[in-house]
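Per TrEMBL, the features are:
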| type | residues | note |
| --- | --- | --- |
| DOMAIN | 64-518 | domain 'Amidase' |
| ACT_SITE | 121 | active site, charge relay system |
| ACT_SITE | 196 | active site, charge relay system |
| ACT_SITE | 220 | active site, acyl-ester intermediate |
């Protein structure tokens, strides 16, 4: 985040923008993305469908499937460190119980997610295992209930295999900010998996679990999905209940999901979406079966996106974005054109203003939300002679550097004499960002951009440069500010590691247009040729 004065100047410099200019997208690019080591190129299969079919046919048992994933998890976890807590014994018991139910009850005993192993980001409450938010201040804390999204997964038959690592309370972009361990990227273990849902993305990429849950406050599902080469979905604000999600910035937080295919991601959303009386911000908007419009490759027409209008955000392909990323995104846009869509460049001049406004708003909300961690009600407590000293010592010893810094920034922005200059002005910019998206999405069905300005970078590369790390969120924070849905699908590679580093294409839609995003994303991944997004650590075994 820019220093407060610089951020203030950036906000002051905003002026009302003119109507959105458009120009025809030109697919030609002199840049070429790095070649990837490919294996069995072809459309990604649905792991959830495969598991269900093998269970119901009797080809495999839930115990066999669980054993396979746990074996891979145990083999890869020492280098990846995707999980803070692994519930392997509980997963094996649940799988055996599922086998008994299927044996006696047949197809009726199997739910839509029976036998599917799910990783859950550790800022979502789980009654049966610890929930720390990645913070030492909650070390050992075990809630009395499941978050609504977790409960709905369990009711659908899913097996929660463990809690995934994250930047402390979701504040970070690398998962280096965890209070417990640093997660690595399955494509290159010297690189970050992204954040803050880095553990969830890494676990799906390495096939340690089938799918996973994350949370997205400013890109925490989409950026790790891009870095790890998996599908990541940030739903519309209110589409999925936030009950049981540890609050960071309540007006921005969204529960999202990861999968190795769009179909698997759509399946998870169909289960977790919907109104919840425990969350007053959850929407009562109807929940469709998001899988119903996802046709197989053999059923697609020659131009399946013939009626779709797509705008590629011009400001996301300029200065500060790696050349290889730009090349991959332009190649993806060209592929969408070949599928029949109309792709045009669209200018959104207010796009760059969202970043400083986001960090003011998110930090301000965090300074309020995190006041509950005081060492009294739950979590780590440090003994002291008086109450104020107990509060101070418990927080000083339990909270990490990044969390403390954001609490201080947010408290400053909300303080008397500065509220209008920072928080109020940031809210005004948020309104402008939202209107800019409304105008663009009035002309286009979908907007596209990179999910991040670069591919995964080295662990420790930006630890001492927080401004550079914050700047990496520029592609994603505006979507949270506007409360819109966005889907990230792998689209290419840049040079790095032994097999290249994946790049993700971000697709942004109007509120509650997840169905359209998933449909286009599914067609895109099904028709993408000669690329395999399976990391070497899985492929080599």
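Here the Cβ of each residue, glycine as well, is placed from N, Cα and C on the backbone.
TrEMBL entries are annotated by machine, without manual review.
Recorded residues residue 121 (active site, charge relay system) and residue 196 (active site, charge relay system) have their alpha carbons 9 Å apart, per Cα-Cα distance. Counting other Cβ atoms within 10 Å of each Cβ, the lowest count among the active-site residues 121, 196, 220 belongs to 196. A gap of 5 Å separates the Cα atoms of residue 196 (active site, charge relay system) and residue 220 (active site, acyl-ester intermediate).
Across the domain 'Amidase' (64-518), the model assigns an average pLDDT of 96.
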